[in-house]
Structures are given as structure tokens and as C-alpha cells.
Amino acid sequence: MIKSERPQAYIGRFAPSPSGDLHFGSLITAIGSYLQARACQGKWLIRIDDIDPPREVPGAASRILHALEHYGLHWDGEILYQSQRHEAYCHVLNQLQQQGLSYYCTCTRQRIHQINGFYDRNCRELNLPIDHAAIRFKQRHPVYGFEDKLQGYLNADPVMAEEDFIIHRRDGLFAYNLVVVIDDDYQGVTEVVRGVDLIEPTVRQIALYRQLNLKIPDYIHLPLALNKDGNKLSKQNHAQPIPLDDPRPLLIEALSFLNQSVIENWQDLSRDQLLQKATAHWDLDRIPRQGKIHIDNMNKVTVSHNNHSQKIHSRL
């Protein structure tokens with residue numbers, strides 16, 4: 001079992017990508033990470049994960065920040081933009097290369113798909129040139145599971161855990177698994193609160209933390225909001241942006257989804273009073289491991305919960 005060490009001061013974060021506006025699913029993650037930080041009397045930071053320009057929607061970053069403020073989720077310190085962190089990412093890439101922990105790979109997605117979806121280290125010992133190549137992390141000490149403060153101990157598919165994963169894409173963009181580790185360490189994040197759809201890459205990120213001799217944060221993976229078809233609410237699935245009218249009803253819906261105690265007269269409180277009450281009553285143990293929420297529109301939300309444990313098994 002991998003245990004993390006963290007300093008006394010709590011630092012959490014919310015790191016949306018500007019590929020679309022804030023929707024109800026991302027609001028749940030924002031509220032969960034915000035309340036966990038405030039209940040721990042810690043800081044709550046905002047980072048804009050804008051490392052993939054082709055997927056960015058113009059103006060989305062500023063609209064996300066405006067929506068967070070509208071819902072009373074005020075952050076601490078300055079906003080960090082990943083697009084301004086390329087020098088730091090290159091430094092770590094060079095460090096891994098000098099340590100013999102990375103290599104160039106020219107394998108296509110089609111080839112990997114033909115061999116059951118997992119990379120077989122085909123290019124590991126070929127010493128390929130940089131031309132038209134991705135950079136892969138050379139796994140020497142794979143991580144096969146980790147402790148999640150909500151989900152419990154999660155086991156990874158051994159084949160996935162041992163895979164040499166991409167840390168720099170052939171199109172010149174930095175990979176998520178690399179930059180999230182570098183930036184969470186840079187910001188001093190002590191606990192990562194995010195959705196269960198990001199459970200699988202966690203073991204890869206922990207492997208990087210260990211190889212770079214960085215402190216591993218604690219992890220909390222929250223249940224996902226689903227649409228009426230059972231699909232995750234996401235920008236790719238055209239989830240509707242959260243409305244910018246009275247924030248209280250949707251705040252209460254998000255708290256209900258997280259199975260928090262919602263006192264009947266909370267709807268009579270102001271937005272800030274509501275968040276203060278939510279912080280005072282915040283109970284991590286009440287959050288379901290899995291949740292299901294059916295949304296036909298922003299005025300009709302039905303929540304159900306399922307507390308069965310889960311394992312890392314799907315391929316992202």
C-alpha cells in the first residue's frame with residue numbers, strides 16, 4: 001500500500017479545462033473540492049488546464065471563472081494557467097531523459113489498438129530519433145493500487161499499471177499525466193479531489209511522483225453525474241452550462257447529490273450563508289462511492305446512490 005506524506009497546511013484545488021463552460025457535473029467536483037478545503041481550514045486553488053489548444057473553446061476559461069464566482073466559490077491566491085508552464089514541463093522532461101526514464105516512440109494509435117489497446121514497449125530499446133515521435137515514461141516501479149479516502153483501496157489492472165505511458169505527444173503537446181503531477185507539486189497540493197473518471201490515471205501519476213521524489217497527495221474521487229442515458233455529464237456530451245440566475249437551488253442539488261445534510265430552511269439563506277452552513281456540516285463519510293443523477297434540464301434533477309466498491313478496470 002502506498003501512503004502519502006503531507007504537510008500540516010491543507011491545500012486543495014479545482015483544475016477545469018477550458019474545453020467548454022462549467023456544467024453540473026463539474027460544479028459537483030468544484031463544490032466537493034471547495035468544501036473539503038474549507039472544512040479542513042485550508043486553501044482552495046484554481047488552475048486552468050489549458051494544455052490542449054485544439055480542444056479549447058474561446059472565452060471558456062473566463063466564463064468558468066465567472067460561474068465559480070457567481071456560485072460563491074471564491075479561490076485563494078492567483079490562478080495558474082498551464083499554458084504558461086511550458087518551461088517547467090520541459091525541465092522535467094529533460095530530467096527524465098537524463099535519468100534514462102523516457103524514450104521516443106513512433107507507434108500509432110491504430111497499431112496499439114490492434115494489440116488489444118495496451119502499449120507493448122515496442123520502441124523501448126530502439127533509440128529512435130525525435131522526429132514525429134511521442135515521448136513515453138519508462139516504467140521501472142509500477143504502482144498497482146492506491147488508497148482513496150472515499151473509495152478505499154483501489155487495485156489497478158496490472159497490464160495498465162505496467163504500461164509505458166505517453167508524457168509528451170507527437171504533436172508537441174504535453175500529456176495530462178505529466179503536467180498534473182508537476183503542477184500539483186508546484187502548487188503544494190496536499191489532497192486531490194476530482195471525479196471517479198480520473199481514478200485510472202492516478203497510479204500512473206503516483207509512479208511519476210515516486211520517480212521524481214515528490215510528495216504524493218491524498219486522493220478523493222467523487223461520484224459522477226450522469227445524464228438520462230447513463231452517460232457522464234461532460235462537455236464532449238454537450239452538457240448544458242449551469243445557469244447564472246439564483247445559484248442556491250443548484251447548490252442544494254449538488255449538496256444532495258453528495259448526500260450532505262440539507263436543512264429545510266437552507267433555501268431561505270443567502271448564497272454565502274448556504275455555503276457557510278454546508279462547510280460546517282460537511283461530512284466526507286456521507287458521500288456515496290457511486291452516484292447516479294438523471295438530468296432532463298436544469299430544473300429537473302433526480303438523484304440516486306449506489307455504495308458498491310469499485311476497481312480500476314476500464315481503459316481511458
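Residue numbers in this text run from 1 along the chain shown.
Using N, Cα and C of the backbone, Cβ positions are placed for all residues, glycine too.
Straight from Swiss-Prot, the features:
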type    : residues                                 : note
BINDING : R13, F14, A15, P16, S17, D49, Y176, R194 : L-glutamate binding site
BINDING : C105, C107, Y119, C123                   : Zn(2+) binding site
BINDING : K235                                     : ATP binding site
MOTIF   : 16-26                                    : motif ''HIGH' region'
MOTIF   : 232-236                                  : motif ''KMSKS' region'
Where does R194 (L-glutamate binding site) sit in the DSSP three-state scheme?
strand
What kind of secondary structure is Y176 (L-glutamate binding site) part of, going by DSSP in three states?
helix
In the same chain, outside R13, F14, A15, P16, S17, D49, Y176, R194, whose C-beta lies within 8 angstroms of the Cβ mean position for the L-glutamate site?
R47, I48, V180
Just to be sure I understand, if DSSP states are collapsed into helix, strand and coil, how many residues of the motif ''HIGH' region' (16-26) fall in each?
3 helix, 1 strand, 7 coil
What three-state secondary structure does DSSP assign to C105 (Zn(2+) binding site)?
strand
Between 0 and 100, where does the mean pLDDT of the motif ''HIGH' region' (16-26) sit?
93
Would you measure the largest Cα separation among R13, F14, A15, P16, S17, D49, Y176, R194 for the L-glutamate site and round it to whole Å?
16
Spatially closest candidate among C105, C107, Y119, C123, the listed binding-site residues, to R194 (L-glutamate binding site) (Cα to Cα):
Y119
